[in-house]
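Student: First the structure, then my questions, so here it is.
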């Protein structure tokens, strides 16, 4: 794969965020003439502007200029920048190359890369896979759509002998030559439909993770997910499956308390799982996928087991917060689509008071109606999408409104019975009221803390 030229090339970087800043740094170090453009104002971007100017980049803020795009040698877009952006379309029509940050990095990375994508579980599997390799004595860069962008590994690749990256559909959309040695596709369910023409376009986007793999590469796929199986049809790499049942020939068989690795029909390793949270079905799938990828990247069984034993899950993912009057509070703010909510509800054996709402992503919330009827005691709705959700799940259980997170938590506590769980698992993005899902989760945790400290506790 031939690296792109950088010396004295005019490069436009679209989006001044963590990815855009890292991209600009990489290019400027290699002699490029970099302009960073962003629709946001200088005041809103704050310290990022200072950092970009310190690097020596030219800045165009508060909007995009067609002339800047049309005079570029090539354009690098940050994750999440839509392909429909007018100046981008004009540049592409003129034949100016447009690529994503990850694609640029792929042109320069020479060490093995494991890439993880899927609608749900990406961050958990990426983190756990990194832990497994580190516990096996490997020097590993972990990043991508989480943490440091892959371009940072291309910039300082000598610090690690391999990379593990989380990859979003947005990043795959702007990649042409990206070839991970190990590609993991966890699951595909409705998400980001406000961006894609239809669900099939989203499925195709996820399947691009396998596009450039060859016979000596490895694909780790969910054998029980119809859309994953469709997306991985006809790929050239060697397939390892998880979640496909006891007849698996090459892959992982998931039990209640362990994951068995099978090679050519023979069991070759067993990974035990002791944590109740990690024994949740979706986390057992995550462990199976991470284990297969780790082995393919050279991890040891001992290192994998040590990583699983020490892994306590990530923040805002079915995270236990507190108990008040025998009602147990869980923060699952990262659940930003209906499938993630379904998985969360299936974890609980008790009744759940569910907090749903936020900014709509174009998903069908009606798929939650049955599982809510089976698992929930009540639902508290909040945020911009609450009326759409109400129409979709009406008739399942009692529905209540809240104007704020604090009100939602108070209402949930009033509705819950002893032994119940109160679960923030919103099925929506957070951007109607919050900077991020983490900001929303922190608000929930703070509301629970105030409830615990205040006068609202019963009895």
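Cβ coordinates are placed from backbone N, Cα and C, and glycine is handled just like the others.
Taken from Swiss-Prot, the feature ATP binding site covers 118, 119, 120, 121, 122, 123, 124.
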Student: Looking at the binding-site residues 119, 120, 123, which one has the fewest other Cβ atoms within 10 Å of its own Cβ?
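Tutor: Counting other Cβ atoms within 10 Å of each of the binding-site residues 119, 120, 123, the minimum falls on 123.
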Student: Would you list the other residues of this chain near ATP - those whose C-beta lies within 8 angstroms of the C-beta centroid of 118, 119, 120, 121, 122, 123, 124 - in sequence order?
Tutor: 116, 125, 186, 187, 286
Student: With every protein chain in view, what's the tally of Cβ atoms within 10 Å of the Cβ of residue 124 (ATP binding site), excluding that atom itself?
Tutor: 25
Student: Show which residues of the chain containing residue 121 (ATP binding site), separated from it by at least 6 in sequence, have their CB under 8 Å from its CB.
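Tutor: Within the chain, residue 121 (ATP binding site) has Cβ neighbours under 8 Å at 186, 187, 282, 285, 286, 289.
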Student: Only counting partners 6 or more residues apart, tell me which same-chain residues put their Cβ under 8 Å from the Cβ of residue 122 (ATP binding site).
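Tutor: Residues satisfying the criterion: 116, 145, 146, 166, 167, 168, 186.
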Student: Which residues does residue 118 (ATP binding site) neighbour through Cβ under 8 Å, counting only same-chain ones at least six apart?
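Tutor: The answer is 125, 184, 185, 186, 187, 188, 206, 222, 228.
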